[in-house]
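Inspection log for the structure reproduced underneath, given as structure tokens.
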Amino acid sequence: LPRAWARCQPPSDRGVSTSAGQGQRVGAREERVSGELGTPRARRGMETLFREQPETGNQYLEDAWLRSYLRTHLPAKVLQEVDRDLERFGHRLLTQIRALGWECELNPPVLRQYDAWGRRVDHIITCSAWRRMKEIAAEEGLVAEAYERKYSNWSRLHQAVKLYLFSSSSGGFNCPLAMTDGAAKVIESLGTPGSLKNAFGHLTSRDPKKFWTSGQWMTERRGGSDVANGTETVARKQPDGTYHLYGFKWFTSAADSDVTLTLARVVDAEGQGSGGLSLFFLKVRDEEGKLNNIQVQRLKDKLGTRQMATAELWLDGAKAELISAEGRGVASISNMLNITRIHNVIGAVASMRRMLSLSREYARRRVAFGKLLKDHPLHVQTLARMEVQTRGAFLLLMDIVRLLGLTETNMASEQDQLLLRVLVPAAKLYTGKQASAVVIEAMESFGGQGYMEDTGLPVIVRDALVLSIWEGTTNILSLDVLRSLSKSQGQAMAAFLSSVQRKLDLASSTGGLEPAVRQTRAALGRLEQFMRAAGSKGALTMELAARDFSYTLARIYTGALLIEHAARPDASSTDIATARRWCSQELCPVALELDNGSYEAEAALLDGALVDGGSPA
């Protein structure tokens, strides 16, 4: 981003700065330069705005919160190697990857449907920077790291941290990596059958010439998250055992990927379908580079993530391989959804951290009302509140990745697995909302400059807004949280409660944390009361409470993580203040709304009066 800004700004006098301690030198230089150029004073006053550009360095070295987490949790030998790798990667981000990311933004993909002779080619043209991003992803092992398991259960965390650092500079390439990771996970969960062994090797390769990316073609015209009822694509079995797919995919991200997983309903010769959807693997192009009986209808015109090709696709006999049991496609692809939702959380936390880092750096440079922004208490308070949100979201992400790493290496307890199941949808929905709020607040901290396209800030904002939509909207995921509790017959909730209680018990004697521990315990008690009361209220009340319930889980668990982090022997006063600030908010909004009778009142309005635009009788 700084390199991009530098290219966009008009030439300026080197050495001009508004940093503290340099004001007199700046003023003297301005007078000398203006005297030489004969520039009016008013003109000079406006031009100084272009010299207050925030510049950040090595993201890893500047992220003290990340480094403190790694020091606390990683074994010494693992930490030594991971620390070295992340510092090197942070330098590569600064000197190479950020500029490529900006090039991806400036040169979005285009669709060329016909060649000069009128033949249909449906060629999605991507820029060289996008293609270079794919090579870098392979070289850095941004997918491979999780499957090589060099560091056992910590390998998944190492991968997640690299993706966290990469995300905001990736030019949108974090999205195909999410689906590639998800596809590899599905294949691994199926036991890596012989027919997919080659594909798995390509998806997890570190060789840029061999590395494949994968799509995830699920959304159709009739359904977004309602996959089971909205999928119209059918699969017809061929004599050689393969299938031909026929249907229309309404929304396919990273449509330039090499392979994809997709859902379809198997039908017989008479067109009679099976009871459920099945999961298929297909190559997008054949060995000659021709599309696999696929037509690109158009590229989507999106608000954000413009760097990536998202398309509408016709499948007209696309050759595919059935990889799930017939009718068990949705269950089989659930592993992919779990991974892509975690990647969504990574993107959310990364966008928050990036915007906040730029805002903080800007506050050290920008002078307003006679002093730097960092010397205005109200401005610093705003940054501090965003910092608390970002720190909490980061710890929630890291704990989910920690649990995933344990699960993948068969080291997770039953409680760990239950906790992971409920935390993934809760974290995805909550951090998606957090990211939208934080990046918009951070954009405002730049004043008018935050609204200027050539600063790159609106790009981060637009790209963050999709995070509450991708991989399931807030309502869909709230219902998924309830489903996870129901399917486990209360065991997932018991795992959640005991995990929070254990963290609070360990921190209860830490000085300065007493208010945070007390508030979190009180919220936990109110949550348990809600669970008992909701049982007698019926299914409607529980559905109306689903959002608030999911927010409650996210806030309480994040509070417990912040308390745990602040209870470390080497914790700082800032760590303690962060935990206290987080826990001072309403941690259990679902109990508050139930006590206020909100859900009963809302249920009374569901007769359509407000939905239809009318007035209650």
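Cβ coordinates are placed from backbone N, Cα and C, and glycine is handled just like the others.
A TrEMBL annotation is a machine prediction, not a hand-curated record.
Pulled from TrEMBL:
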type	residues	note
REGION	1-38	region 'Disordered'
DOMAIN	57-189	domain 'Adaptive response protein AidB N-terminal'
DOMAIN	216-316	domain 'Acyl-CoA oxidase/dehydrogenase middle'
DOMAIN	327-485	domain 'Acyl-CoA dehydrogenase/oxidase C-terminal'
DOMAIN	491-611	domain 'Acyl-CoA dehydrogenase 11-like C-terminal'
Helix-strand-coil residue split for the domain 'Acyl-CoA dehydrogenase 11-like C-terminal' (491-611), DSSP-based: 90 helix, 0 strand, 31 coil
Rounded mean pLDDT for the residues that make up the domain 'Acyl-CoA dehydrogenase 11-like C-terminal' (491-611): 93
Helix, strand and coil residues within the domain 'Adaptive response protein AidB N-terminal' (57-189) as assigned by DSSP: 94 helix, 11 strand, 28 coil
Number of helical, extended and coil residues in the domain 'Acyl-CoA oxidase/dehydrogenase middle' (216-316), per DSSP: 4 helix, 49 strand, 48 coil
